[in-house]
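**Q** Feature table excerpt (TrEMBL):
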type	residues	note
ACT_SITE	320	active site, 4-aspartylphosphate intermediate
BINDING	320, 322, 691, 695	Mg(2+) binding site
BINDING	320, 321, 322, 398, 439, 463, 495, 575, 576, 577, 666, 672, 694, 695	ATP binding site
DOMAIN	56-118	domain 'P-type ATPase A'
DOMAIN	717-955	domain 'P-type ATPase C-terminal'
REGION	988-1017	region 'Disordered'
SIGNAL	1-22	signal peptide
TRANSMEM	224-246	transmembrane segment
TRANSMEM	757-777	transmembrane segment
TRANSMEM	783-800	transmembrane segment
TRANSMEM	830-850	transmembrane segment
TRANSMEM	862-880	transmembrane segment
TRANSMEM	887-907	transmembrane segment
TRANSMEM	927-949	transmembrane segment
């Protein structure tokens, strides 16, 4: 659209084809660009001040063996940087030494990933024992990868030169680094060597400019702008031909006619207005006190100011589970140890008498189970001055297990380097951590190799998902009971972890440790090689039991999902949890109705054939049941999903179109993003919501990304277009802010076209009575004022307009269908505004010309009469389209009309203005005021009559709600309560079906403001149920899906 405006402005620099002064076009354009440029300049200036402050911060470094105080911007790669407690890390460092004898320091990474818990960082093993004074003289080489933005990986090697270490390779990981913008905490000092500086740090590489997102409204406006451009080309061609014909015939009879010019062009001010109001929409979200998390004081925030109207057109919501639907506050609830269940009777294993007795009696399996809970983790115990112990953990699961073990007298009391102190029944047991086999989304388990400092025995302790632990039990162990426990706990919606262990021979461990060290030293495919080596050790487990952890739903989640489902929005849950756990959470939060009203269809399989048969069966069932008023959802796990997306994408796409609800379990972050892309390829408007770093890809891929500022940090919130404190605020974000933004933007954009076309049509009509000479009826100053001031100020106040109250919108979410279907902005509604502008142009032109042109009036008088008529019509059009009047709106509409006369009186008093005394003379003439009355009556009379007819005899559901609000009474019924049947092809072909070309939607409004131009439509004679959910498919909705 901006390219179009610039093109028109450039054309008007050509005097042969423009009838007006180029200032009338370039003035508004420069004003619009100046406003945008000023905003960007202000943002850039604030960023400059922030960068300047960071760059000029003073830090201590060692350069050529001498310690110096320099500015952070002067740090070079290879410099040794010294930090004190609470200092901010100025660049990415590899840790060399700390004040702790064990080489440990603590960092706060909230500025990097939003996680507030302290994390431990270790100096490399090669630097252990080096004296503080020698650190200033240390020399060596670090082999590190090219700069990247992955804050969780740093696969490098370090070699120290003699005398420190004889050129031996020391592997480095992310735990040996201090990244830029982190803070050193609870550590007196630390030093490290700079490896990445400036924009090459991991934080600097993460500062990418997000790709702009094009909203559905913007896409429609671009299409309409293109149509207007074609229209103007046609007008120019027609008038050019007419001008040449007139020149060769009539002009030859007139001696004073020499060089006719052609073609009126008018610049629209749509872009500037929309940029301004979209910024206000974003501020409304920031200022909304009803979207503030009371517990944390977190306010909602709109990071993207350009897509608010898309919130009102959301069709699919893809949501994470843990921390998004749930509180992410883990509580240890039940367990199964050696086949015995604890906590089933009272729902809390920690108060189960049998478990307490087993602990006090020293049951071997129970004690070993508690040891794994206390030791197999990355938790940091922190002792306060009063002696109380608190735990800092990156995983809420780990914290819940450690706390539960402490309540059962197996307390993790201290961590000194690799030495762990465990207190059991007042006796202290000490273990040395030899190796940590970290959790990954592929392995789905975590293990630690520990050495009992008293006996010298070495143990492997593991915990993880059931499919990652149970298959690796030693031969002969019965695991059926544990599998049943996992299923039982999953049916209760609890998260499960299996705990196992085995004793290691010293020789076996030594051989494996060398392989593990070698894998950790690899610079290429280090993660894959480490996982392969871990697999060599993690086998022949003795399964001890299953721990079940509760993660409660957030307040208001079921009500929010139920309300948004009534609004026709489809929900997909994408989670890494087990299938049964996800299903139970889905049932509890109204994702799907329980039997018999609801039906779950499972897609399982480990091979292509199994997935093919399962997918075909689900598709057949979905097609057969699509005519039944049943809530049908499909469930798929990550393995089957991978196969389906790779080999049966078209069939899976059809299934996605047919089903309102999907539950995807055990999915990876990349699979989440693939599912978003799949729905977008079918031109659905998608919203992705999550709270953790594993949700970032999904959030960035969706049309709208929403992040929750949760316990997993702020990574999702920072990557999102909108951030909220709780999931329940999503309802207000969509139904109130999204719907209002769409309605207002639809009116603003079409009104901007209307008022510009009005002047354009008058110019065209005038050309036919001016010999098609291209002479402009209006002077340049009037045209510029008309676009920038006279018609823009009143409509800007429409950002406060509300067609319905917030309470009504929340009570009747079904009215969101009008936004989803694009009922307020489409070619049909634009045609209505186009026709209105044409009709009003005829009225203004005919009445103005007949009133003044034949009275020997000056052309400036006729121009002012026509312009006055346009301004009067604008005021009444805006008043007619306004739903809720406030003082500001009255001032803007009628005050602007008064301001028009005040400004023109002032201009008329200036002899050099070209309008000297024009307005004074007109206002003294009764005929002028009679002309204004005639223009308003003739222009608004038919519009009012048509609006009254439609409101009375063809009213929409919104009109009914508006009437109910005015009368102050509730609406009990709107139409028959009868589900709309879904229609599908009767031919049930196998999985080789083509990409679905038809797609029908749910919950269609019976009537819209533009019934002939909708993306969705009803079948003939279908009754509309306003309050009861209807089926997924209407009969004649079509949408093409891209072939993938």
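Any Cβ shown, glycine's included, is placed from N, Cα and C.
These numbers come from a predicted model, not from an experiment.
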**Q** Tell me the residue counts in helix, strand and coil for the domain 'P-type ATPase A' (56-118), as DSSP assigns them.
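**A** Reading the DSSP string over the domain 'P-type ATPase A' (56-118) gives 7 helix, 30 strand, 26 coil.
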**Q** State the residues, same chain only, that lie 6 or more residues beyond the ends of the transmembrane segment (830-850) and have a CB under 8 A from a CB inside it; answer 'none' if no residue qualifies.
**A** 224, 227, 750-751, 753-755, 757-762, 765-766, 769, 862, 865-866, 869-870, 873, 877, 931, 934-935, 938-939, 942-943, 1010, 1013
**Q** Might you list, by sequence position, any residue in that chain lying six or more from residue 666 (ATP binding site) with a Cβ less than 8 Å away from its Cβ?
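**A** For residue 666 (ATP binding site), the qualifying residues are 575, 576, 577, 578, 579, 637, 638, 639.
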**Q** Would you mind sorting out which of 320, 439, 495 (the recorded positions) have a C-alpha within 10 A of the one on residue 695 (Mg(2+) binding site)?
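**A** Among 320, 439, 495, the ones whose Cα sits within 10 Å of that of residue 695 (Mg(2+) binding site) are 320.
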**Q** Quick one: of 320, 691, which of the recorded positions has the smallest count of other CB atoms within 10 A?
**A** 320
**Q** Using only C-alpha positions, which one of 320, 322, 691 is spatially nearest residue 439 (ATP binding site)? These are the recorded positions in the record.
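**A** Checking each of 320, 322, 691 against residue 439 (ATP binding site), the shortest Cα distance is to 322.
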**Q** Including all protein chains displayed, how many Cβ atoms other than that of residue 495 (ATP binding site) lie within 10 Å of its Cβ?
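**A** For residue 495 (ATP binding site), the 10 Å Cβ neighbour count is 24.
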**Q** Within a 10 Å radius around the Cβ, which one of these binding-site residues has the most neighbouring Cβ atoms: 322, 439, 576, 695?
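**A** Of the binding-site residues 322, 439, 576, 695, the most buried by Cβ count within 10 Å is 695.
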**Q** Apart from its near flanks, which chain residues at least 6 from the ends of the transmembrane segment (927-949) lie with a Cβ under 8 angstroms of it?
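**A** Distant Cβ neighbours of the transmembrane segment (927-949) are 836, 839-840, 843-844, 847-848, 851-852, 865, 868-869, 872-873, 876-877, 880.
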**Q** Count the other Cβ atoms sitting within 10 Å of the Cβ of residue 694 (ATP binding site), across every protein chain shown.
**A** 21
**Q** To the nearest whole angstrom, what is the C-alpha distance linking residue 322 (Mg(2+) binding site) and residue 694 (ATP binding site)?
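**A** Here the two Cα atoms are 11 Å apart.
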**Q** Could you measure between residue 691 (Mg(2+) binding site) and residue 320 (active site, 4-aspartylphosphate intermediate) for me? Cα positions, answer in whole angstrom.
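**A** Residue 320 (active site, 4-aspartylphosphate intermediate) has its Cα 8 Å from the Cα of residue 691 (Mg(2+) binding site).
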